[in-house]
């Protein structure tokens, strides 16, 4: 037994005296986690947040200028000239338009605006408007000053309500040619009285017809007389219409009653963000690259989660709370009890908290002490690849959005309006694509890190060959003495295996000899213990027989 203890102690001393080099990666006290396709909340040493989550809670100017805030008016109230919106008549510029939730000044006389959403989209897409007179009052040889209690005993500033003059309403014929360089938005209406009496009181003609024509439209209207529910004190209705007169085109109108005639039109110029925000946010003294109904934001990140209705130079909307990309390694806490090396570990069980200037590296122990160094080559390649991943994600998302925007910009205004209506679906699709793309890249990144450490380990293994033995924890125990200069050659790939081959062979034989001697001793001890045990059993059995025969409990008969 003493021999066995001596041999075991010898093996321990031999192992403890061996110079050692380990391959591993950086470990930190980071609490950052990322998600991949197959795992959630994977601990990593470093992350890059790709999602912007903050805004300033204000309405701000953008690179296209300041917003147009309508206060108590709606866009259609501005366009048709609700008398309560006179403050806006002078012409305005905007980067986007803001409607308040408390806006009440829209169409004062009850009725419907045909293609209202398209009208709002058309008007808001321009950058400015200028009022231009289409038909002067002298155009009409009937009364043109009709008013309504519903419109504060006044009427729209862009249209004239024509009624009889001296009990006569002859056919009115008017035409206007657009000599401007821009399109002109013009508006008209058809009045539907609640009774036949009101029809003749206003227009004298019981049966009227109105036609409105340009090179693009040819519309004919007849009133539908009859009472409707009381709205704004009125049982009558006005159907509101609009169209665009292009440069060089001529507008022709013919009517013998019920016409709400064009008076002023709007010359629309430039392009804005084309957005209408319905919000009560305060107007701030600020400039942002991206605006939402919740507030403005400035960021260089590729994604945000503020609002899918963002516009301007905005990152892409993703409806998640966080979208992180690992720019480091899997963060496996260092093992505290690692014998010779203390709180370090190889690539199998954990990372090194002391590793600096790199992600992958080496730690060694020899007669000169313990040292640690990063493998800067493999680290730099990994960093470059991750930087490329971030840029690629941004480029991929930008290209996909640009393709869609370009396709819709080539189509007509009606399809642009449809584009706005399906914008939610487009945003949701690309938000899903963005999340999936990041999950894929995260999976690849972490798999690549594991492969990088494994490749570094195998590189050292090939270099050392039979001059070292693996300990199973990412380390190699050298069969020869290896000072710091020798360790550096292992790290930089210039290790000369032949230089240390003879020393390693002798040390290996020495260790193997101890093992052989130990095995021989174990065999002798085994045989000795087996024989000794057998003798003890035999002597015990003989003593039992002798005792039993002496007291008569056992008798032996021999028959011949």
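Here the Cβ of each residue, glycine as well, is placed from N, Cα and C on the backbone.
Keep in mind it's a predicted model, so treat the numbers as computed, not measured.
Swiss-Prot has this to say about the protein:
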DISULFID  60-286  disulfide bond
DISULFID  73-85  disulfide bond
DISULFID  108-151  disulfide bond
DISULFID  290-314  disulfide bond
DISULFID  482-486  disulfide bond
CARBOHYD  29  N-linked glycosylation site
CARBOHYD  141  N-linked glycosylation site
CARBOHYD  218  N-linked glycosylation site
CARBOHYD  298  N-linked glycosylation site
CARBOHYD  305  N-linked glycosylation site
CARBOHYD  492  N-linked glycosylation site
LIPID     556  S-palmitoyl cysteine
LIPID     559  S-palmitoyl cysteine
SIGNAL    1-18  signal peptide
TOPO_DOM  19-526  topological domain 'Extracellular'
TOPO_DOM  548-560  topological domain 'Cytoplasmic'
TRANSMEM  527-547  transmembrane segment
For this session: Determine, to the nearest whole angstrom, how far the Cα atom of residue 314 (disulfide bond) is from the Cα atom of residue 486 (disulfide bond).
Result: 55
For this session: Taking Cα atoms as reference points, rank the disulfide-bonded residues 151, 286, 482, 486 by distance from residue 85 (disulfide bond) and give the first.
Result: 151
Exercise. Helix, strand or coil at residue 218 (N-linked glycosylation site), per DSSP?
Worked result: strand
For this session: Using DSSP with the three-state reduction, classify residue 85 (disulfide bond) as helix, strand or coil.
Result: helix
Exercise. Relative to the Cα of residue 73 (disulfide bond), which of the recorded positions 29, 108, 151, 286, 492 has the closest Cα?
Worked result: 108
Problem set entry | Fewest Cβ neighbours within 10 Å, where candidates are the disulfide-bonded residues 60, 73, 486 | 486
Problem set entry | Residues satisfying Cβ distance under 8 Å from residue 482 (disulfide bond), sequence separation of at least 6 | 19, 21, 364, 366, 490, 500
Exercise. DSSP on residue 60 (disulfide bond), three-state: which is it?
Worked result: strand
Exercise. In the structure shown, with every protein chain counted, which of the disulfide-bonded residues 108, 286 has the densest set of Cβ atoms within 10 angstroms of its Cβ?
Worked result: 108
For this session: Out of 60, 141, 151, 290, 486, point to the one nearest residue 218 (N-linked glycosylation site) in space (Cα versus Cα); all of them are recorded positions in the record.
Result: 141
Exercise. Any idea what DSSP makes of residue 73 (disulfide bond), helix, strand or coil?
Worked result: strand
Exercise. Helix, strand or coil: which one is residue 492 (N-linked glycosylation site) in, per DSSP?
Worked result: helix
Problem set entry | Top Cα neighbour of residue 290 (disulfide bond) in the set of recorded positions 60, 108, 151, 305, 492 | 60
Exercise. What is the one among the glycosylation sites 218, 305, 492 whose Cβ has the most other Cβ atoms less than or equal to 10 Å away?
Worked result: 305
For this session: Out of 29, 286, 298, 492, point to the one nearest residue 108 (disulfide bond) in space (Cα versus Cα); all of them are recorded positions in the record.
Result: 286
